[in-house]
Amino acid sequence: MDQAKRLLCTRDLWNPFNTTFVQTCGMLLVSQIFHVILKPLGQPGPVAQILAGLVLGPSLLCKIERVRQIFIQPAFEAYSFLLLFVFRILFMFSIGLEADLPYMSRNMKRIGVVAAWNLGVCGAFGAAASFFVIYLLKVASHRFAFAIIIMIIVASTASPVVVRLVAELRFDTADTGRLAISAALFIELFCIAWYSTYLAFSAGNMFGFALVCIVGTGIVAYANRFMAMWCNKRNRNMKFVPGTEMSAILLLVILLSFMIEKLGFNSMISCFLVGVAFPREGKTTRTLLHRLTYAVNNFILPIYFGFNGFRFDVNYLISVRNCIVVALVIVLGIGGKIIGTLCACHHLNIPRNDAVVLAFILNLKGHGELLVIEAFSRSDGQTWWDDNTHKLVIIIVVINTLIAGPVVSFILRRDAKYFAHKLTFLEFLDPEKELRFQLCVYESRHITSKLGLIASMTGSNRSPTVTYLLHLVELQKRHRRKKKLMYHQLQDGDQFSDDDEYGGNDIVEINDAVDAFTTDSKILVHQNKAVSYFPKVYEDVCSSAEDLRVSIVFLTFHKHQRLDGKLENDKDGMRIVNQKVLRHAPCSVGIFVDRGLTGFQLPSPELAQNVATLFFGGPDDREALACCKRIAMHPYVNLTIIRFLSSGQPKKKEVHDRNGEDEEQHISICSYEVDMAIDNVFMEDFCNRYVHD
């Protein structure tokens with residue numbers, strides 16, 4: 001009797017729900033161990049997470065009978081499918097929320113060319129490979145559907161894997177990295193749409209359901225926009241929106257996804273579009289990004305990649321026939337991506353080094369193709385899609401990612417200087433090219449004039465900009481720690497971590513000012529916060545400028561103007577921070593002197609701003625004048641250039657027997673003449689473009 005009770009308790013303890021929970025915890029733990037080991041070798045996180053799933057899966061630990069009985073149970077697939085389905089909803093919504101829409105709209109041709117070449121070449125290779133795969137696997141029915149699956153497997157790119165890998169390698173701000181993310185999204189969405197269209201044609205009565213899905217997506221997108229604006233007004237004096245309101249927004253997206261899946265379509269496109277349509281300003285968006293980004297990067301994607309590795313079964317590679325199928329599809333997939341990307345980059349005049357990295361990034365798999373094969377297996381049953389074929393597809397996906405990820409990491413490490421942040425001086429930057437700049441503030445009183453500077457720098461559609469605002473918060477040596485409360489004792493909307501308490505009320509005031517500015521001007525400002533001791537603040541500024549690949553950083557002057565017009569010293573250490581940033585910054589640096597209400601304000605039809613530039617000559621003044629090119633494009637800014645010329649210039653002496661001092665004087669005279677010639681050409685070009693126009 002006692003033994004029966006123990007067996008019953010054991011059976012209840014290791015039910016599929018508890019097993020899934022233990023698996024997720026084990027994947028997080030093992031993936032963290034692999035990440036610590038592989039990170040010094042330059043390997044990205046997804047590789048470590050897939051390897052964690054391999055260790056826990058049938059390839060290794062599950063070969064032990066006791067572990068296999070616990071981890072692989074009859075109802076395990078249903079639990080894992082539901083868990084991964086919710087995870088997909090959340091990270092596709094997060095990807096849509098973080099999508100760089102201005103970059104996509106400006107570079108639609110480049111993205112379309114890269115995506116089209118990849119789809120065309122890989123689709124052709126997949127169609128050719130499908131004949132051999134069908135013959136080798138002896139597929140008797142649904143051959144056309146099977147050929148479509150092979151084509152999608154070869155051509156697809158997993159956008160979540162690409163986003164995660166590129167972000168971990170700090171390549172997401174590079175032009176090639178942004179192109180890879182955008183092209184991956186286009187390729188994956190096209191593959192899912194291709195599959196959905198095939199289902200609609202094969203079912204015959206799916207077009208009515210498709211219309212319902214489109215209308216439902218539009219309704220949820222509009223409802224979320226309305227809820228976001230309502231939450232912004234309701235929580236005006238709070239740092240973040242409460243979790244209950246965030247849950248309501250996400251619940252709408254999850255319900256929409258369940259409805260679309262019930263109608264027989266894939267819901268990932270709708271989740272992405274709802275995220276794209278979500279407002280980009282306000283506390284609601286900031287809260288969603290703050291909480292979703294942490295959850296997706298630290299829990300959702302690691303568990304998702306781990307489950308992909310868990311389903312990898314090395315036992316299926318014992319058969320020679322299966323090995324031939326896997327090798328054929330992988331080789332054709334990699335070859336198709338390389339050929340398609342090289343052709344597209346040759347057409348777009350993209351360097352070959354960037355093309356090779358782009359090709360291997362687009363070879364990452366693990367999302368769209370899994371959705372397709374799962375949907376096919378559910379829709380047509382098991383009459384033609386057996387478990388052996390399903391496992392082979394998972395093996396192909398996992399091996400592809402394990403090959404492409406380390407290759408990308410190796411190339412970026414080997415050619416680190418080539419792909420590193422280059423000194424993009426404003427003097428040599430085309431005004432019609434994208435300008436990335438960063439502004440640093442310490443307190444809320446610094447933000448008003450900085451917003452005026454942002455508006456003046458982004459005053460024309462011909463000169464695209466990406467703006468970053470870095471809030472520098474001093475970490476006191478004896479910072480008062482938050483009272484240790486239990487989680488349920490926190491007020492709704494509060495954060496359990498101490499990190500969010502740094503900055504005080506300045507954070508709320510800065511956020512409100514930026515939100516109001518973004519709502520009125522439609523200029524998106526990316527906000528970051530750096531908490532550090534003053535002797536180390538310059539490191540945060542410089543590393544942020546390097547990671548974000550900005551061309552210029554604007555610092556706050558260490559004095560502020562009082563009401564009587566006199567300048568008074570601000571926080572202790574600001575001057576030292578500015579001096580260190582000037583010495584160590586990887587880009588140009590500007591010092592912004594805030595004069596308060598008597599200084600620079602937000603340009604508007606009622607309040608036009610007058611700006612004067614004093615040009616004495618030299619590279620620093622040319623850099624300042626290049627910055628003024630952007631300001632001159634604003635319709636409500638009047639720019640005046642005042643050039644100072646020397647009354648006389650050094651005379652060149654004829655010296656036959658020169659010593660060291662004479663050679664140094666000769667070099668200085670030549671340098672002066674060269675600088676004068678460059679200044680003349682630069683001023684002439686500026687006048688022809690902005691004054692005579």
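Don't overthink the numbers, they just go from 1 along the chain as shown.
Backbone N, Cα and C atoms are what each Cβ position is placed from, and that goes for glycine too.
Copied over from TrEMBL:
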DOMAIN    33-413  domain 'Cation/H+ exchanger transmembrane'
DOMAIN    465-599  domain 'Cation/H(+) antiporter central'
DOMAIN    610-673  domain 'Cation/H(+) antiporter C-terminal'
TRANSMEM  21-41  transmembrane segment
TRANSMEM  76-95  transmembrane segment
TRANSMEM  115-137  transmembrane segment
TRANSMEM  144-167  transmembrane segment
TRANSMEM  179-201  transmembrane segment
TRANSMEM  208-228  transmembrane segment
TRANSMEM  248-276  transmembrane segment
TRANSMEM  288-307  transmembrane segment
TRANSMEM  319-343  transmembrane segment
TRANSMEM  393-412  transmembrane segment
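In this chain, the transmembrane segment (319-343) lies in contact with the transmembrane segment (115-137); the count of Cβ pairs under 8 Å, excluding pairs fewer than 6 apart in sequence, is at least 3. When Cβ distances are compared across the two stretches, the transmembrane segment (144-167) makes no contact with the transmembrane segment (248-276), since fewer than 3 pairs at least 6 residues apart fall below 8 angstroms. Taking residue pairs at least 6 apart in sequence, the transmembrane segment (248-276) and the transmembrane segment (21-41) share fewer than three C-beta contacts under 8 angstroms. Mean pLDDT of the predicted structure over the domain 'Cation/H(+) antiporter C-terminal' (610-673): 74.
Counting only same-chain residues 6+ beyond the ends of the transmembrane segment (179-201), those with a CB under 8 A from a CB of the stretch are 95, 99-100, 103-104, 107, 110-112, 114-115, 118-119, 145, 148, 152, 155-159, 162-163, 166, 172, 207, 210, 264-266, 268-269, 272, 357-358, 361-362, 364, 367-369, 371-372, 375, 379.
Listed by sequence, the residues of this chain that lie at least six past the ends of the transmembrane segment (248-276) yet keep a Cβ under 8 A from its Cβ atoms are 85-86, 88-90, 92-99, 101, 185, 189, 192-193, 195-196, 199, 203, 206, 209-210, 212-213, 216-217, 220-221, 223-224, 227-228, 284, 288, 368, 371, 375, 379.
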